[in-house]
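Here's what Swiss-Prot has on this protein:
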type     : residues : note
TRANSMEM : 20-40    : transmembrane segment
TRANSMEM : 43-63    : transmembrane segment
TRANSMEM : 96-116   : transmembrane segment
TRANSMEM : 142-162  : transmembrane segment
TRANSMEM : 167-187  : transmembrane segment
TRANSMEM : 210-230  : transmembrane segment
TRANSMEM : 235-255  : transmembrane segment
TRANSMEM : 266-286  : transmembrane segment
Amino acid sequence: MSLQDKLRAYARLMRIDRPIGTLLLLWPCLMALVLAAQGLPDIKVLLIFIVGVVIMRANGCIINDFADRKLDAHVERTSMRPLVSGEVSVKEALTLFTLLGLAAFCLVLWLNPLVVQLSVVGIILTVMYPFMKRVTNMPQMFLGIVWSWSIPMAYAAQLGEVPVEAWWLFMANWCWTVAYDTMYAIVDRDDDLKVGIKSTAILFGRFDRQIIGVFQLAALGCFVMAGLVADRGVIYGLGIISFIGFAVYQQRLIFGRERAPCFKAFLNNNWAGMVLFIALALDYMI
């Protein structure tokens with residue numbers, strides 16, 4: 001394999017070609033930084049968190065593929081991942097995971113001790129998540145914790161503490177993550193049943209759309225509470241209304257439980273998060 005092909009395989013392993021996960025991680029993190037700073041966050045902190053999100057999302061993909069390498073060959077969507085195809089060896093993947101983990105940890109060393117402590121918990125949660133699919137029917141709920149962990153870290157970086165407001169945003173993102181990752185899990189449900197992978201899509205069964213709707217409503221309520229506690233105004237309120245519109249559209253997409261529309265609904269959450277973040281930022285600026 002040429003160096004160029006190897007680098008492409010590494011990029012695919014880290015999902016550099018599929019930035020949706022990075023974006024879904026980034027929007028709530030940026031919201032946390034803006035809320036904690038009550039406007040423009042410290043530039044150093046902002047850059048550290050943006051780079052950190054990119055690195056940790058890549059690292060999460062690596063450890064996920066390592067854990068699932070023997071199962072991915074039996075799932076249509078994942079059968080050509082680099083660890084399955086042999087383009088990247090297990091040793092190479094674990095080496096890359098270690099190097100990226102060290103890079104992320106070096107970044108947080110520029111911040112206060114509370115952020116460093118929270119980052120250690122975050123790394124442990126990241127490593128644990130892929131194995132949850134073997135022991136619980138609710139791995140998406142664990143993923144919600146992992147993907148929301150940057151929120152208390154962001155508040156800690158800006159304020160040196162994690163106030164109540166942060167936990168409203170944490171719960172909003174947790175509920176939102178469970179909702180959109182269940183949409184994603186519906187895409188793989190038939191394959192997951194064959195190979196024994198557990199998911200909320202399987203757990204919820206024929207009530208999947210309704211329960212996704214409950215989590216969307218809960219996320220909406222917590223986003224509203226986060227805004228109320230932070231004394232946000234009309235523009236943030238418009239962002240909340242847009243979030244409702246996106247949720248309704250996603251419910252229409254997943255109505256038939258077909259793979260392509262469900263995946264489209266999952267991807268649509270990027271726009272929901274982006275618009276809500278922009279509304280929050282503008283609410284402080286105008």
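Note that Cβ sites are derived from N, Cα and C of the backbone, with glycine treated the same way.
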Chain residues in Cβ proximity to the transmembrane segment (43-63) (below 8 Å; excluding those fewer than six residues from its ends, i.e. six or more beyond): 13-16, 21-22, 25-26, 29-30, 33, 93, 96-97, 100-101, 103-104, 107-108, 110-111, 122, 126-127, 129-130, 146, 150, 153-154, 157-158
Contacting positions for the transmembrane segment (235-255) when only residues 6+ beyond its ends and CB under 8 Å are counted: 180, 183, 186, 208-209, 212-213, 216, 220, 223-224, 227, 261-262, 264-265, 268-269, 271-272, 275-280, 282-283, 286
Range from 96-116, 142-162, 266-286 with the greatest count of C-beta pairs under 8 A to the transmembrane segment (20-40): 266-286
Paired segments the transmembrane segment (167-187) and the transmembrane segment (210-230) in contact, 3+ CB pairs under 8 A: yes
